[in-house]
Amino acid sequence: MDTTKSLLSTLIAIMIPLSLGSVSSPNLLPTPPMGFNNWARFMCDLNETLFLETASAMISTGLLEAGYNRVNLDDCWMAYDRAADSSLQWNTTKFPHGIPWLARHLKAQGFHVGIYEDAGNLTCGGYPGSFGHEALDAQTFAAWGIDYLKLDGCNVFPEHSRTLEEEYKARYAHWHSILKQMHHPLIFSESAPAYFADPANLTSWYEVMDWVPAFGELARHSTDILVYVGEGSAWDSIMVNYRYNTLLARYQRPGYINDPDFLIPDHPGLTLEEKRSQFALWASFSAPLIVSAYIPGLSSEELAILRNEELIRVDQDVLGLQATLASRGLEVDVLTRSLEGGDRLLTVLNRGDGVAVVSVPVEWMGLQRGCPYVVKNLWDGEVQVLEEEIVIRLNSHATQVYRIALPDECSTVIPTGIVFNTASGNCLTDENGERVGFEACRGSETQIWQVSELGYLRPLSRTSHCLTGGSQASVQLCTEQKNQQWAYAITGILKNEHTEMCLTEGTGISQCGFERDSQVFGLPSGVDIKPS
């Protein structure tokens, strides 16, 4: 059965140049998407009834009103064969009324509709991939009423003597060139980076991350979140994707969003505290809030997590910044970022298995001591005023999130946090004297750095001193000379403005290479990022 031929002729006429996707046109997806996807909960067990029941439940539970306005179909929705004209066909058993009918029904209820395809010759589930049919598939999806495309990366093999990374780039670039010609470009979710997220060597991963923001609006960057029937620890799976996301903050900006995968609030392997933590962390990252759960069966506690207005407001903040690590201890992470209107966000995670009590000085938040900061707990709404520090008690795997209002006289924020090697996870450490090195992060102020607008890095342990370049990296009294200025690039390198050498774990400083693991670093949110 040819399910698309009659619809395609109407679309060809509107495939005209109008706008670009990605960072060149941030208005296409100005804030992270919110909605539902079937994969982590149901995998290939999807059908028309599931999506109708899900949409109905999203309306009755208030999720649509809260902002969850997307319903996305993942793999296995299609027939195993293309039609006679090579167009894609839906599985008529799973979708007896057809995808166009389903899309119209969902849109009439207030939802946007997304769909899944693959850059290879087959999808991950063995269904027809888009390779060689990209323009036709884009036309098909638009004709069906689809406005969001998740493009996976299974079964991609190099062509024309290209490397594997070059092949992925060519295919995703080709899709981008097609989508940007559309009158209404589809939101483009790229899965390419996930196929290069090898912790043994991150260089190829970063090569891919360098180009995905130019082609699409968001990218699935690493491992899949644990599916409902999967083996292993769901919490460990969340922490793996959380860690990967902390390595990529420099890429996120208006028009491009890092995607650490789905929210899984009904996973049986998670405690309620862990479900709250995943939501709080994803919101702090301004990550997509795409729920993969049985929506009609969510408990009142799970729904309360997903409908938290304050955390949704953080996630949807128009600045689009990603929270970054102000401090990392053996068990506790402290993350911060700025919000629209000048507020600061403070997020504190207890990764450990026991109760943790942590004191967070205002300096760790990039603020100055002695000012009356109004702090609101975004879980319970409690408000307090602090001038020096906040003391937080956290249960195992719990996360607290605070919104901090700054008085006008104390509105200056200095980007502050750890400088860590993204491959090893080790922190740049002021070792006293003039020595500087990389050590396991331990939550010490010798590992927390202030980064000025001019590129001076000062350890909180002695802010009169600066990271200094020369024959080796050192910490010396700040003289604000050029050898104490550092430029942070989108590739993750930290280059000394005087020597033009790069900070390097293991040797301290060396000739700048191309995204070498030893030279790629995470810095605090708010630091100026150079193109390269």
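Each Cβ is built from the backbone N, Cα and C atoms, and glycine gets one as well.
Summarising the annotation, Swiss-Prot assigns signal peptide to 1-21.
Marked as disulfide bond by Swiss-Prot on the basis of sequence analysis: Cys44-Cys76 (among others). Sequence-distant neighbours of Cys76 (disulfide bond): residues of the same chain at least 6 apart with a C-beta under 8 Å from its C-beta are Met43, Cys44, Leu46, Asn91, Thr123, Gly125, Tyr127.
Non-local contacts of Asn47 (N-linked glycosylation site) by the CB criterion (under 8 A, 6+ apart in sequence, same chain) comprise Lys94, Phe95. The secondary structure of Asn47 (N-linked glycosylation site), as reduced to three states from DSSP, is coil rather than helix or strand. Feature annotation from Swiss-Prot assigns N-linked glycosylation site to Asn47 (among others); the stated evidence is sequence analysis.
Asn91 (N-linked glycosylation site) has a Cβ environment of 17 other Cβ atoms inside 10 Å. For Asn91 (among others), the entry in Swiss-Prot reads N-linked glycosylation site, with the evidence type sequence analysis.
Under the DSSP three-state reduction, Asn121 (N-linked glycosylation site) is assigned to coil, being neither helix nor strand. Positions annotated as N-linked glycosylation site by Swiss-Prot, on the basis of sequence analysis: Asn121 (among others).
According to Swiss-Prot, the disulfide bond annotation covers Cys124-Cys154 (among others). Secondary structure from DSSP puts Cys154 (disulfide bond) in coil.
Taking the Cβ of Asp152 (active site, nucleophile) as centre and 10 Å as the limit, one finds 25 other Cβ atoms among all the protein chains shown. As annotated by Swiss-Prot, active site, nucleophile applies to Asp152, with the evidence given as similarity to another entry.
Cβ contacts within 10 Å of Asn201 (N-linked glycosylation site), excluding its own Cβ and spanning all protein chains shown: 11. The feature N-linked glycosylation site is assigned by Swiss-Prot to Asn201 (among others), with sequence analysis given as support.
Per Swiss-Prot, active site, proton donor is recorded for Asp210, and the stated evidence type is similarity to another entry. The Cβ of Asp210 (active site, proton donor) lies under 8 Å from the Cβ of Ile490, Thr491, Glu515, each of these being in the same chain and 6 or more residues away along the sequence.
Broken down with DSSP, the domain 'Ricin B-type lectin' (410-531) shows 10 helix, 45 strand, 67 coil. The domain 'Ricin B-type lectin' annotation in Swiss-Prot covers 410-531.
What Swiss-Prot records for Cys427-Cys441 (among others) is disulfide bond, and it gives sequence analysis as the kind of evidence. For Cys441 (disulfide bond), the same-chain residues that are 6 or more apart in sequence and have a Cβ closer than 8 Å to its Cβ are Ser327, Arg328, Gly329, Ile418, Phe420, Gly425, Asn426, Cys427, Gln447.
Annotated disulfide bond per Swiss-Prot: Cys466-Cys478 (among others), in sequence order, evidence recorded as sequence analysis.
Reported as a whole number, the C-alpha separation between Asn121 (N-linked glycosylation site) and Cys466 (disulfide bond) equals 53 Å. Asp152 (active site, nucleophile) sits 8 Å from Cys124 (disulfide bond), taking the C-alpha atoms as the reference points.
Other Cβ atoms within 10 Å of the Cβ of Cys44 (disulfide bond) number 15 in total over all chains. When the Cα of Cys466 (disulfide bond) is compared against those of the recorded positions Cys124, Cys154, Asn201, the shortest separation belongs to Asn201. In sequence order, Asp118, Gly120, Leu122, Thr123, Cys124, Gly129 are the residues of the chain that are 6 or more apart from Cys154 (disulfide bond) and have a CB within less than 8 Å of its CB. Taking all protein chains in view, 26 other C-beta atoms sit within 10 angstroms of the C-beta of Cys466 (disulfide bond). Ranking the disulfide-bonded residues Cys124, Cys427, Cys478 by C-beta neighbours within 10 Å puts Cys427 at the top.
In three-state terms derived from DSSP, Cys76 (disulfide bond) belongs to neither a helical nor a strand segment and is classed as coil.
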